Amino acid sequence: METTVRKQKKNLETKKTSIYSLQLHEMQDWLKEQGEPKFRAGQIFDWLYKKRVKNYEDMSNLSKGLREKLSNSFDITTLNTLVKQTSSDGTIKFLFQLYDGYSIETVLMRHEYGNSICVTTQVGCRIGCTFCASTLGGLKRNLEAGEIVAQVVEVQRALDESEERVSSLVVMGIGEPFDNYDNLMGFLRIINHEKGLHIGARHMTVSTSGIIPKIYKFAEEDLQINFAISLHAPNSELRSKLMPINRAYKLPDLMEAIKYYVNRTGRRITFEYGLFGGENDQVEHAEELAALLKGVKCHVNLIPVNYVPERDYVRTPREQIFLFEKTLKDRGVNVTIRREQGHDIDAACGQLRAKERKEETR
């Protein structure tokens, strides 16, 4: 009987490109190289994203020869569900195992307007935010575009049982999306495409801790995707304490990049502001935040801190949260308090992590 370690070694040695990593035009190019008509790409995408098959044998309108070529060239990435937890509020957290034994977490959130999925872009994270569980083990590796796509496909398969669909997504899971920029953009284009899962660009949100060069690059992209910044502090000194990345990408420079993005795209930006008891949640912090954001087309999302055992932060009292919100509103800032989801299964903001570690290969 094969051990887990041996299976992982075998997977690493035989791994092929994920077919989920290919955009439609890339599939068409590959088909042309194989002497196949490009319209087959649409048929293949239909099998992958509409029928959501798990093997090539099921693609019955393709020739046996083409199915064999596909099988020899690409894997249909499947994620092994290690754990599936359901919260009292209906939120579902999936712990998925990857081909090399690493694991990631993906969250399905229920809203009145539909089902939203929170996807992961990296195994671990290098950013080192002092309040977040995702960064505790450091960064292991980037996910391929196909591995990010596969998260959405797997969750959609789970929803197929109740004839529901994923209607929106947020890229706010484990990892810094802009540290995996090319795979992130490939994923977004595949998911957005009408031949893919066809989730509208305006129903997708990407969040970053503030990788400034990539913010400028993102401003030039042709997808009208919602954009969020993990801010969490109204000044550089406090932000550097909470988010070490601020030492590399200073707050004044970050604000310049944000203003460029807003002016270039005409789109409103969202600032995520976690409230940490006694750290960044006082009236003076709210006043300073309002001054920082003055003149910026934006929305502030206040996030009460979620419990992480290895971190020392405590939740801001409810009355203080409302006072912080009121202080911002009184100064003309568009602000809401995020509805908490999945807290009881560690699926809320800042709580995601890979709880199953990769076994050492020998």
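Cβ from N, Cα, C; glycine included.
Residues or ranges marked as active site, proton acceptor by Swiss-Prot on the basis of sequence analysis: GLU105. Taken from Swiss-Prot, the feature domain 'Radical SAM core' covers 111-344. Positions annotated as disulfide bond by Swiss-Prot, on the basis of sequence analysis: CYS118-CYS349. Look at Swiss-Prot and you will find CYS125, CYS129, CYS132 tagged as [4Fe-4S] cluster binding site. Taken from Swiss-Prot, the feature S-adenosyl-L-methionine binding site applies to GLY175, GLU176, SER207, SER230, LEU231, HIS232, ASN306. Look at Swiss-Prot and you will find CYS349 tagged as active site, S-methylcysteine intermediate, backed by sequence analysis.
Ranking the recorded positions CYS118, CYS129 by how many Cβ atoms sit within 10 Å of each one's Cβ puts CYS118 at the top. Applying an 8 A CB threshold to same-chain residues 6+ apart, the list for GLY175 (S-adenosyl-L-methionine binding site) reads THR120, THR121, GLN122, VAL123, GLY124, CYS125, SER134, LEU139, ASN142, LEU143. Each of the binding-site residues SER207, SER230 was scored by the number of other CB atoms within 10 A of its CB, and the lowest score belongs to SER207. Per-residue pLDDT, averaged along the domain 'Radical SAM core' (111-344), amounts to 94 for this model. Taking the Cα of the residue listed as 'active site, proton acceptor' as the reference point, the closest of the binding-site residues CYS129, GLU176, SER207, SER230, HIS232 is GLU176.
Around the Cβ of CYS125 ([4Fe-4S] cluster binding site), the number of neighbouring Cβ atoms within 10 Å comes to 26. HIS232 (S-adenosyl-L-methionine binding site) falls within neither a helix nor a strand when secondary structure is assigned with DSSP, and so counts as coil. Put simply, CYS132 ([4Fe-4S] cluster binding site) is 12 Å from GLU176 (S-adenosyl-L-methionine binding site) when counted between their Cα atoms. For HIS232 (S-adenosyl-L-methionine binding site), the same-chain residues that are 6 or more apart in sequence and have a Cβ closer than 8 Å to its Cβ are CYS129, PHE131, ARG239, LEU242, MET243, GLU272, TYR273, GLY274, PHE276, ASN280. For LEU231 (S-adenosyl-L-methionine binding site), the same-chain residues 6+ apart in sequence whose C-beta sits under 8 angstroms from its C-beta are ARG239, PHE271, GLU272, TYR273. CYS118 (disulfide bond) sits 16 Å from CYS132 ([4Fe-4S] cluster binding site), taking the Cα positions as reference.
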